[in-house]
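According to TrEMBL, the protein carries these features:
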- 9-213: domain 'YjeF N-terminal' (DOMAIN)
- 60-64, 126-132, D155, A258, G321, H374, D439: (6S)-NADPHX binding site (BINDING)
- N61, D122, S158: K(+) binding site (BINDING)
- 223-498: domain 'YjeF C-terminal' (DOMAIN)
- K409, G410, A411, H412, T413, G438: AMP binding site (BINDING)
Amino acid sequence: MKILNGAQLQLIDQLTIQRQGISSWELMERAALKAVEAMESDFGEGLQELPIVIICGKGNNGGDGLAIGRILGEQGYNVEVKLLHSENYSPDNLINQQKLGAKEMFTLDDDLKLPASGLLIDCLFGSGLHSELGISWVNIIRRINGFGGPVVSIDMPSGLLTDRLIDSGAPMVHADKVYTFQVPKLNLLLPAYGYAVGGFTVLDIGLDTQALDEAEGAYHYTVAEDVAGLLRPRSRFSHKGTFGHACLIGGSEGKMGAVVMSARASLRSGCGLLTAVVPQIGHPILQSTVPEAMLSVDSGKLQLEEFSNNGNFQAFGVGIGMGKGESTVRGFSKWMQDLKSQARIILDADALNILSEHADLLKFLPRQTILTPHPKELQRLIGEWSDDYEKIEMAKTFARAHGVILLIKGAHTAIIDEDGSCYFNSTGNPGMATGGSGDVLTGIICSLLAQGYVPLEAAKLGVFIHGLTADLAKEKFGEISMLPTDLIDFLPMAFEKLKPRSYLA
Ligand SMILES: NC(=O)C1=CN([C@@H]2O[C@H](COP(=O)(O)OP(=O)(O)OC[C@H]3O[C@@H](n4cnc5c(N)ncnc54)[C@H](OP(=O)(O)O)[C@@H]3O)[C@@H](O)[C@H]2O)[C@@H](O)CC1
Ligand SMILES: Nc1ncnc2c1ncn2[C@@H]1O[C@H](COP(=O)(O)OP(=O)(O)O)[C@@H](O)[C@H]1O
Ligand SMILES: [K+]
């Protein structure tokens with residue numbers, strides 16, 4: 001799914017209206033109906049009991065709010081609409097004012113009266129906001145943010161631009177939930193604005209698909225339909241050789257669990273064979289916990305030093321629990337220098353930290369190596385940034401300069417390809433914020449690489465599946481108690497869920 005900005009959506013709106021032979025008011029009505037449906041589904045029967053207040057601006061976002069108010073009112077909800085006084089309402093806003101009837105007018109200087117609790121629907125500004133809100137908006141935004149119940153925003157939290165940096169301190173609605181139309185907007189995905197976006201749902205309002213397909217942009221949002229088609233069916237005559245031999249290299253004293261989790265995740269992700277290269281201390285641990293894995297035991301006792309990789313491996317996953325002791329750094333550097341240019345590799349954790357401290361090794365990275373830093377590791381690798389936009393630009397420059405794929409972990413993990421395209425992930429939840437989740441991801445992606453998925457596909461599919469395991473695990477364990485090992489246990493269900501339905505049993 002593409003990520004688009006306000007200007008692009010305005011154009012697609014126009015094309016939709018022409019091609020579908022509908023009026024812009026009808027499109028607004030569609031959007032409002034979808035928003036009402038989504039709120040009914042999220043709030044359930046509770047919505048009937050709540051006093052609902054809708055705050056409307058002068059543009060089409062306000063027009064949506066007026067339509068939502070009318071639809072909710074017709075369905076018997078306890079709804080109150082407040083409309084900002086203006087000299088220049090948009091045409092569809094005016095139509096919906098007439099259709100709604102009763103509403104309360106307010107100005108920015110008014111002491112806006114709100115119920116003590118209930119649901120507040122913010123329809124002041126949507127994707128038509130062209131710059132930060134000025135000081136005159138502080139009063140109303142502060143009132144909205146101080147509301148005693150949940151605040152939901154239609155299309156965008158008012159005050160948040162779709163895809164540009166915003167001055168910190170500019171007035172902005174802090175929405176518990178955003179119902180955004182057709183496609184996500186970049187600022188809904190960036191950590192910088194996390195405080196204003198409690199969560200969001202994309203509502204399909206049936207904009208013209210050709211126009212959506214043709215819209216240009218480097219930013220994408222990976223949803224199930226984008227990756228389900230990548231999963232390869234298994235032929236009846238396939239065998240373990242068909243699915244590749246993955247090699248995981250890592251572990252050190254006290255951190256063997258990382259390799260255990262990575263190895264189990266690899267095997268559960270379908271590789272045919274798996275070898276783990278571990279220091280001697282890892283030998284009994286791996287053999288007893290992951291019997292399917294073969295072992296190549298290093299000469300190093302407590303940490304890796306030899307990095308021998310004599311097998312014929314289709315993919316390497318390196319760095320998990322590895323440490324960066326002197327002999328490990330030496331062995332890793334030598335291993336990097338001996339790599340074949342077509343090798344498929346994913347580097348994580350200490351492998352990335354070693355690269356950060358030994359930039360001379362970057363030149364040995366085979367093309368399309370996947371690097372999986374969390375924000376701190378990324379900063380060691382590419383340097384400090386001043387904001388999320390600069391971070392993305394610096395990451396793109398790094399990916400291009402070294403011909404690698406950067407996978408920046410976090411909520412909405414961003415995968416940055418060397419051509420500058422950027423894929424944000426849609427799955428996952430804060431239950432994954434427990435040490436070990438990253439090791440599971442490395443195992444999954446290494447396994448996919450071994451099976452022959454090209455690196456960008458392996459990265460997108462791996463990140464999506466990894467997040468999906470957490471979304472499934474959340475139903476059983478919740479976000480607080482969920483563990484990385486639970487993610488592994490939900491891999492079978494996640495793959496099954498993603499698998500395209502077959503008409504043959
Ligand atoms: N495409 C879709 O998916 C569909 C979109 N739909 C809906 O339309 C919404 C977009 O509507 P929109 O274009 O009328 O813009 P909106 O957000 O209401 O605000 C514009 C108003 O704000 C003003 N203004 C701007 N910046 C300002 C500032 N810094 N400070 C002060 N004022 C400022 C600006 O006034 P101006 O300055 O230009 O005179 C203008 O009057 C979209 O979010 C969605 O809800 C659906 O109905 C149908 C399908
Ligand atoms: N709030 C969150 N929402 C979605 N995914 C998250 C969230 N927090 C962490 N994750 C995911 O969990 C994993 C954590 O990996 P990492 O930071 O390397 O930790 P570790 O290797 O110690 O487990 C990443 O894949 C990251 O995207
Ligand atoms: K809004």
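One is the number of the first residue shown, and numbering goes on along the chain from there.
Quick reminder: no glycine exception, Cβ is built from N, Cα and C everywhere.
TrEMBL annotations: computationally assigned, not manually curated.
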Requested in this report: Note down the number of other Cβ atoms within 10 Å of the Cβ of G438 (AMP binding site), including every protein chain shown.
Outcome: 23
Query raised in the report: Checking the binding-site residues H130, D155, S158, H374, which are within 10 Å of G438 (AMP binding site) at the Cα level?
Result: H374
Query raised in the report: Taking the mean position of the Cβ atoms of K409, G410, A411, H412, T413, G438 as the AMP site, which residues outside that list, in the same chain, have a Cβ no more than 8 Å away, listed in sequence order?
Result: H374, I408, A414, N425, G428, V463
Query raised in the report: Which ones in the same chain are close to H412 (AMP binding site), with CB under 8 Å and 6+ residues apart in sequence?
Result: L189, F424, N425, S426, G428
Report task. Based on Cα distances to S158 (K(+) binding site), point out the closest of the binding-site residues S127, H130, H374, G410. Result -> S127
Query raised in the report: What does DSSP assign T413 (AMP binding site), in three states?
Result: coil
Report summary line: Across H130, H374, K409, listed as binding-site residues, the smallest other-CB tally within 10 A is for H130
Requested in this report: Starting from the K(+) site formed by N61, D122, S158, give every other residue of that chain whose CB sits within 8 Å of the mean position of their CB atoms, in sequence order.
Outcome: I55, G57, G62, G65, C123, L124, F125, G126, S153, I154, D155, M156, P157, G159, V173
Query raised in the report: So what pLDDT does the domain 'YjeF N-terminal' (9-213) average out to?
Result: 96
Query raised in the report: In whole Å, how far is G410 (AMP binding site) from H130 ((6S)-NADPHX binding site) when you measure between their Cα atoms?
Result: 29
